[in-house]
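One structure below.
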């Protein structure tokens, strides 16, 4: 067999994502650290919650635009749409996905313009500056001489590399930071896997088109996350949580969200009746396996291509893989909606009909499954709200469990791990397990396997939700480990002050310097002694 022509489109996607990652750095790790440094005491959680909530405007806009682009054929402007027989609800439909990248790129360029007018350096608040001066005045002569030695460019590079390695070692030997990092990695992996295949799940499970699914997530699911993030930030400010309070609050909200998440198992629909996959071709009896289902008396003489996928819906409510395999003898031509007549495999129970017909496209879901879809929406709203409610608190633990000067590194390393170990592997192993539920694969011009046309709905649902819940359960174990580690580490210390003890921590550092005449070890965190 021949080979498909190579495509280098992935190179452009890779370069685009690299540039996007570079551009996100000032807004992500550095921006979050800036918010915490310059926010008034007790307000950093509100600002962080607000930032994450406002960030949801992007996904909402993207889903709504994606809904409209999904209705357009991928080669819009180059193909006569009247020649396309399928509709957006067909699994073979490919929407104009590339338009989203163009619009998003243009909006990103426009939104970057205000950043050019920011000052080159941002002054710290007066109280922070005073503490920094006090710390600097207490440096020993030895430390000053070491700093002077770094004036040489080569020594500066070596010093920067050594300092980076020491800083990275510091955060990676911090047990609290590592536990929170792994915990968030499990949660994000579950989230990324869920989002990646959520559209396919809704399409396959409830018969919704790609455009309808985009509207669902854009108008219902994502705004709920925004409300949860903002509300979580406000609750933290209102009740002045400590670090231990962050962990407990996040654990509680995620347990509630997990409880709602379990309801999804009840909302899984049965697989569609498909002749040749779940039923015999005459539609009379179920089959033990969807692999190599033998032809029936009604289509054995039709010389049909069993690899073809052009689903049609019969008058009997059964989907057939193709008009040929339904035993059809004639059609309405290119007139839409396309109807095929004299289909020998189709029998309407209770009627003597010699002109049985089928229509192009899969049969719609039964009413019971359609009702489950509305319950599914309600469950997602409740789950997303409570999961997002604890999102701000668990994220604040990332930079509250390390030394203040290492916040940016801690947040940046967290973003790296999440993108590399969460964003890349999760869709791969989610997809590998979900593909086990595929009942019908497409084939390309060279006979190689393509995309999945239809899934076993029950197996898909249990695999999809089961994998997510497994990751969530492991995260709950780490929540418990985190709480016990915190209690053990800070046993007997003051636990009454909240996360906003910046001044108290800095004063403690100065006092330590005055007592021994040497630089005190970097404070583990602004709040570590206030748990």
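Placement of Cβ uses the backbone N, Cα and C atoms for every residue, glycine included.
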Ranges 53-74, 119-140, 141-162: which does TrEMBL label transmembrane segment?
53-74
Proximity of the transmembrane segment (243-263) to the transmembrane segment (464-486), 3+ C-beta pairs under 8 angstroms:
yes
Can you name the far-off residues of the same chain, 6+ from the ends of the transmembrane segment (94-118), with a Cβ under 8 Å from a Cβ of it?
16, 20, 23, 26, 61-62, 65-66, 69-74, 76, 88, 210-211
Could you put numbers on the helix, strand and coil content of the domain 'Kazal-like' (292-347), residue by residue per DSSP?
0 helix, 10 strand, 46 coil
Which one of these stretches, 215-236, 411-434, 464-486, has the most C-beta pairs shorter than 8 Å to the transmembrane segment (373-399)?
215-236
Same-chain residues at least 6 beyond the ends of the transmembrane segment (464-486) whose Cβ lies under 8 Å from its Cβ atoms:
175-176, 179-180, 182-183, 186-187, 189-190, 193-194, 197, 201, 243-244, 247-248, 250-251, 254-255, 258, 261-262, 264-265, 268, 429-430, 433-434, 531
Mind checking which residues reach the transmembrane segment (215-236)? Cβ under 8 Å, same chain, six or more beyond either end.
45-50, 52-54, 56-57, 59-64, 66-67, 198-199, 202, 208, 246, 249, 253, 377, 380-381, 384-393, 396, 499
